[in-house]
Each structure stands twice: as structure tokens, then as C-alpha cells.
Amino acid sequence: MQKGTYLRNGPGLWHIEDYNFRHLFDGYATLVKLQFENGRLIAGHRQIESEAYKAARKNKKVCFREFSEVPKYENFMAYVGDIAKLFSGASLTDNANTGVVKLGDGRVVCLTETQKGSLVINPNSLETLGRLEYSDSLGGLIHSAHPIVTDAEFLTLLPDLVNPGYLVVRMEPGTNERKVIGRVNCRNGPAPGWVHSFPVTEHYVVVPEMPLRYCAQNLLRAEPTPLYKFEWRPESKAFLHVMCKASGKIVASVEVPLFVTFHFINAYEEEDEDGRVTAIIADCCEHNADATILDQLRLQNLRSFNGKDDLLPDARVGRFTIPLDGSPYGKLESALEPDEHGRGMDMCSINPTKLGKKYRYAYACGAQRPCHFPNTLTKLDLVKKKAKNWHEAGAVPSEPFFKNGNGYALLLDGSTFEEIARAKLPYGLPYGLHGCWVPKE
Ligand SMILES: [Fe+2]
């Protein structure tokens, strides 16, 4: 096996003193590393030292606006002061608990939905080195938590909450400056759809406009709503926009059936016999246009499973077809029968060499029911429309890259999906979200 370090990020600490957080996504970020060297595995973990985490430790209370937790105000004036700070972003969290990526220049960055939560870490010691300060003047407070990162570039979306739309931006290795490729205006309002992730093809960026939209009022609330900072606006419809990476021009903007997705899997260009691109295919983990999974991830729900009730909402591999002939509508279908993977589907990954290209296999977490959380590792064959599922009672897998759940790392053969090796860790690991691989120089 290649020498290197697998890093995984995710929420890992859900309480400050005796105050318990309510939602999975509120947890302060814990980095886990698995270092593969000479047939040995060295494991470690460390808290990410965000300002939000350090302030909470010091003051023994939540001091920044987290996913659902907000600071408890001493009085009304303190609340008003915090609202003022919200518009500047000062009160938003920098708890970088979502993903970890290795930039083309070698820097390793932990990310979350807020731009200020872009923290550079040392992949060996897991020490937090400081904030990645974007040197451009694009402003804004939020971005997609899942940029597309290759050795050549870093692409992301900056939602514009004031004038609903998205900036598509690129940052080159060795710089902190994001440059605008182009802008997409939302087809409907009152706010852009949540963009946790987005897909790209070799030549195009696909910008999703989901009817689960950001909501300024919910952002200001002191108590969480069932959809947190978002709201479900089916009347505002759903759209996909396709932008040319080279020119920034919009080559398609189609209405699609209502959908809910957090994670796009991949996208590629469909060609006719003459090599002309006729359509874009974009695949995602699609929650049957139902956003209740967000509320299902409350810690109270996750910790109270009785082993019998089937509480995980159904999901599928949603496949969008976006025609490039000027048609106003795109299609959304299941890429394979959802029962193949127990109607659970999230936390997807692909072979990175297939990014933006026609591909056959994807890896994700599916479900063995009854369950309340995705509990299998699944390998999807999108050509044969079949899935191979790995399940072990009590194990909670995170995004398959390697499996790390319940205190061990599991290595599965990429083609047969059979177990090759398993390393037991001396302690249980918190649930993790997304990871990356840092090869040894
Ligand atoms: Fe994610």
C-alpha cells in the first residue's frame, strides 16, 4: 500500500461543560489521522483549534453561532449586538468540522460552510496553523463546504444572499486569491438554494438551485427551526445551471423536478457519435425531495435508537440529465433501484481520477434496515445498476475512503469490496464526515 496519511474530519465534541449540544453538525471539529507506513498503521486524533472552540473552552459556553446552537444572551442589548455582528460575519462560527482537503500547493485545509472556517492544519501533528485568509475582495460570509480540489485548482461557489445568485470562483495553488469565473443569477427567490456541494465535468461547472433555500429570518432566530438556517420553498422550484469553466458563460439553465441533496457524486458530458456534447449527467445522493433528514440528525434521535424502528428517511442515487439543446427542462431519475442499497444513500465518493468524467463505480453509505442512520458501506455499479453492501452490526461507517467507525479502520478491496485488513484502535472514534489522502513526499 502507498505510504501516506488518511485524514478525516467531522464533529467530535458535542458538549461544553455540562451543556449538551442538540445537533450532529454542532460538534466541535475532531481530526483523525491514519498514517500508513511500512505495513504499520499509526492513528491519532486532535481537536481543531478554531476561535469558536477556543472561546467555548475558555468561557465555558457557546460564544459563536454554530449550526443550530447560538450564544445565550445575557440581555436584549447583547442580542442586538450579536445581530449586528452577524452581518459582518463576526458572530458566525469558524468551527471547520465538515471536510479536509489537500490543495495543489500541499497545504491541508479544514472547511465548513462559513468562509472564515477555512483553517490550515499540519497533516502530521494535526496542529491548527491558522486561518486561510482569502486575499481577494469578493466578500460574502459563506461558501460551498465541498470545493472541487485538484492539483491544478480549487473551485467553489459563493452564494450571494443579498442579490440571490452564486459566484463561481477559482483559486490557483500557491495563492489565496479567488478569481471569478462567472456569476449565476437565481431563477427564483427569495434566496439562493443551499449549496453544500456541486459537481463539475471536464469543461463545465454545474450550479444547483435547490428549493431548500438559505433563510435570513431563520439565521437570526435564537432557537433552531426544524430546517435550521434553511427553508423549504417548493413554489420557488428547482433549477440546474451549467457554466463553461473557460468563458464563464451559462450554456444551460433548466428547471428540474424538486430535489434535496447535500452531496453530489460526480458529473460528466454525454456525447453523440460526432463527439458533440449533447447533455450533462449529474449524479447525487437525493433525499426524495424531503428535507426531514436534517432534523433526523438531532443527537437525541441518534442516541435513542431502539434497534427496531426504521427511522432513516429513504434516499437514492438521483441522476440529472441536463440537455444542452436549449430545452427548458431537465430530467431526474433514480440511477439504480434504491432497494439495492437499502434506500439509504449519502456520504459518497469516487475514484478521484474519474472526477468530471464518465464513470461506473461510486462508493457511499447505504442502509441495512431497520436503522436510524446510514450503516452500510456500499459500492455502486452504475452500469449494471447493482450495489455491493458491507455491514456489521453496531458499526457506523463514515464516508468510504477507508472505513473508520467504532474504533477501527477497515480496508476493503476496491473491486471485490471484501475486507483486506482491519486495525483496531484503543478507543472509540466519534462519527466523521469527509476525508482526504495526503501521500508521503
Ligand atoms: Fe458534506
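Placed from the backbone N, Cα and C atoms, the Cβ positions cover glycine too.
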Record-annotated Fe cation site (TrEMBL): member among His241, His263, His287, His372 besides His146, His196, His434:
His263
Starting from the Cβ centroid of His146, His196, His263, His434, the recorded Fe cation site, name every other residue in that chain with its Cβ within 8 Å, sequence order please.
Thr98, Gly99, Ser144, Ala145, Ser197, Phe262, Phe264, Leu433
At 10 angstroms around each C-beta, which of the binding-site residues His146, His196 has the fewest other C-beta atoms nearby?
His196
